[in-house]
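Worksheet: the structure to be examined is printed underneath.
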Amino acid sequence: MRGARGAWDFLCVLLLLLLLGVQTGSSQPSVSPGEPSLPSIHPAKSELIVSVGDELRLSCTDPGFVKWTFETLGQLNENTHNEWITEKAEAGHTGNYTCTNRDGLSRSIYVFVRDPAKLFLVDLPLYGKEGNDTLVRCPLTDPEVTNYSLRGCEGKPLPKDLTFVADPKAGITIRNVKREYHRLCLHCSADQKGRTVLSKKFTLKVRAAIRAVPVVSVSKTSSLLKEGEAFSVMCFIKDVSSFVDSMWIKENSQQTNAQTQSNSWHHGDFNFERQEKLIISSARVNDSGVFMCYANNTFGSANVTTTLEVVDKGFINIFPMMSTTIFVNDGENVDLIVEYEAYPKPEHQQWIYMNRTFTDKWEDYPKSDNESNIRYVSELHLTRLKGNEGGTYTFQVSNSDVNSSVTFNVYVNTKPEILTHESLTNGMLQCVVAGFPEPAVDWYFCPGAEQRCSVPIGPMDVQMQNSSLSPSGKLVVQSSIDYSAFKHNGTVECRAYNNVGRSSAFFNFAFKGNSKEQIHPHTLFTPLLIGFVIAAGMMCIIVMILTYKYLQKPMYEVQWKVVEEINGNNYVYIDPTQLPYDHKWEFPRNRLSFGKTLGAGAFGKVVEATAYGLIKSDAAMTVAVKMLKPSAHLTEREALMSELKVLSYLGNHMNIVNLLGACTVGGPTLVITEYCCYGDLLNFLRRKRDSFICSKQEDHGEVALYKNLLHSKESSCSDSTNEYMDMKPGVSYVVPTKADKRRSARIGSYIERDVTPAIMEDDELALDLEDLLSFSYQVAKGMAFLASKNCIHRDLAARNILLTHGRITKICDFGLARDIKNDSNYVVKGNARLPVKWMAPESIFNCVYTFESDVWSYGIFLWELFSLGSSPYPGMPVDSKFYKMIKEGFRMLSPEHAPAEMYDIMKTCWDADPLKRPTFKQIVQLIEKQISDSTNHIYSNLANCSPNPERPVVDHSVRINSVGSSASSTQPLLVHEDV
């Protein structure tokens, strides 16, 4: 039927053409055709819905030729028949059908093929350009659904700023695509018959908008080569996408045998990098020139250049940085500096003086760290030049191709030195004088044996005078006169002088009969003069010995320093003598009952005492009293008073030895502090070595109790020398469990006489890792408190940590009560004895004491702690080798019982850069992670419930202003040359 219809159409068209031909040939006037008309489509609708599997039939009517076009998801299908027939429609037949006639006029109808199993037509992948709109091609096959929109994958929300417009025929258009949408996963979504249907997953890939030119750089901006050497340079091109072009270009279009290699990759989504490598395997002189790396994108272009210079052979060019003729005064320093260019690299450099090569005092280094650097600097440091050290100083440098040198003439301004003065056989007196500038020589005569002549001898009598230059740069002058004309006894003076100074020599003559002989100068000295010189020399020696012995005496100085101001590494300390003292701290002397001496030093001592009514009116309390010895001087008395003021300024803290009172009137100054019965931590650790339990166990149950009772060895505070408190015999003691041992002290170590004796027992408990962690934690807390008060300790070590009931540690400063003269830990340096092995490098070499240097000392303390009281840097004496190893970064290995985390803290405390060391507050936080919850809880309870004694409290909310300030008087331990 379709074929018959087509034949009928063909006959109609043929008949029409014949009729037109007849009309054209006749004499009838022609009739112009009407306006073109649109073809008509049946069914005459803009949209048509067809169910899947049904027949799709569309017809197009037009007087002329027509063509059907079907478009869906960007694909086109054509048909030149009047009808478009699809016997079984599918979802994929959804789309726009257009009929076009020969005049180009057309009509369209959009067909939906409803398919319950396929609601969306999906076209993948999904691309978008930043700043533009992009279409998610997911047109519907059923226009009657609702809530047609976008959804994020897996229930994730879409970006808040994402907006879109939905079109069932085309899909969903995302407006103004942003770079942040890259790799956004989404679905097209619609509600169909009460349920939500999702399309396949779309992943949006965003192409970044190019808003800047590429970033271009090269590995080196200049290169110098000899002929035959290989040359390569890398160009780095960075852009947001790979749509960038790049190339190497030689300027001025010069020919070259260069080759290029290219590599590129993406670093993330919008970070594209390309490397263009320029290679010349064997450079020639005509390869010299400027090479440009050029890159461009749609925004613009960028370029960078590198210069290649190829020489036929190597070279060395020396540039003195000063005049080669130098004048310097005797005793002054001078630096001879040259810069030089060398290619290939210099192989040998040296400074030479008087045929002697310097092995030190000079340094040679490149002008820059650039790989293509060819400029170097050499410096010779001449210190405290003497008159005989002038002369020629030569710098020599060589490489594989050439040698070169430069010479400096150094003249040292020195006063004249009379080298020889003698009577010649020809009747002449001669003076040979050396100095710079050139000395002048005058001759004088006077009768008798004098030491100074004033009558000049006329220049006409000077027979000879000439000069020459010595190798050391001095000018040597020879001057002679004829002494035959002298008729009387007398003295001839040869006097040489220049603008630096003068010198003289004497000739003495006496006549014996008719002969004349010279009297040598030594005959002029009388026994009286000799005796005077000997006596004066002995007096000088005695004064020097007494001065030396006085300087060797240890000078007492308060170690704790309160910082007033910090300017970089310059710390301004508050002068402790200017700190206020509140007389409410005063305590009656007659209420103190003194006991045994706990410790003594060169100037002072600490004595155990009982204070009556210090805390309560009817209570006795054991305290420690620091006082001066009768041999102490005014300096020590002022220092003890300063220590008292510093303690009162700081206030109370659980982990420092707190001030309880003082006696400053009516007698010698007494400083009353807390009493710590177990002595210093260093000796405590050494006593507990044999009972140390290596494993860290929890503080509960029978295991902990059994562990504490394993060690039955009796030990008391009197077992070791120089420690606190002999426990009284005849008292029954109770060994507490580990859970009890930190509760055994009344708060803050304020122990009263009426406390049960069971609380006053010596610490017989074993020592374990949890104890060591607790000690390190408490000391860090105490140091953090001192730092918060702007206080620097300067002598933090286990020997300066005291231990009291409950194993509470307290930081102290023994000061004048420590015998540092006989303590091997303190090394004599300058006018002080210093704990060198505990000191930070900046304190050793530059005399800089800061909060950071205290942190270094804390790291050494940790090493002592976890080695159970071993001396740091074992087996290593404090000598030049020790200083050198500290400078070179030598650090101790982890002690035997230190956990890895604690050794990490030690290493950070020992960082060569003070600013990279942790603060004490940070150290406290680090150690809190290591200690058990029970230990932390016990410590917190003690700290929270610890009462302050009823003594005055200084308000620290406002910094105390010092009338004067004093820096440390300690000298630097080691100058650079000593290492």
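For all residues, glycine too, the Cβ spot is worked out from N, Cα and C.
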Seminar exercise, completed: Residue among Asn489, Asn944 with Swiss-Prot annotation N-linked glycosylation site is Asn489
Seminar exercise, completed: Out of Asn296, Asn822, Swiss-Prot gives the annotation N-linked glycosylation site to Asn296
Exercise. Between Cys431, Cys663, Cys676, which residue forms the disulfide that Swiss-Prot gives for Cys494?
Worked result: Cys431
For this session: Compare the C-alpha of Asn355 (N-linked glycosylation site) with the C-alpha of each of the recorded positions Asn96, Cys138, Cys185, Asn303, Asn370, and give the closest one.
Result: Asn370
For this session: Determine the mean pLDDT over the topological domain 'Cytoplasmic' (549-979), rounding to the nearest whole number.
Result: 73
For this session: Work out how many Å separate Asn489 (N-linked glycosylation site) and Cys431 (disulfide bond) at their Cα atoms, rounded off.
Result: 20
For this session: Could you check which of these recorded positions, Asn132, Cys138, Asn147, Cys185, Cys431, sit within 10 Å of Asn303 (N-linked glycosylation site), going Cα to Cα?
Result: none
For this session: Rounded to the nearest Å, what's the C-alpha distance separating Asn370 (N-linked glycosylation site) and Cys99 (disulfide bond)? Just drop the number here, would you?
Result: 73
For this session: Give the residue counts of the domain 'Ig-like C2-type 1' (29-114) per reduced DSSP state, in the order helix, strand, coil.
Result: 3 helix, 46 strand, 37 coil
Problem set entry | Length of the line joining the Cα atoms of Asn96 (N-linked glycosylation site) and Cys60 (disulfide bond), in Å | 14
Problem set entry | Proximal residue to Asn296 (N-linked glycosylation site) among recorded positions Cys60, Asn132, Asn147, Cys185, Cys431 (C-alpha distance) | Asn132
For this session: In three-state terms from DSSP, label Cys153 (disulfide bond) for me.
Result: helix
Exercise. Could you tell me the C-alpha distance between Cys153 (disulfide bond) and Cys60 (disulfide bond) in angstrom, no decimals?
Worked result: 44
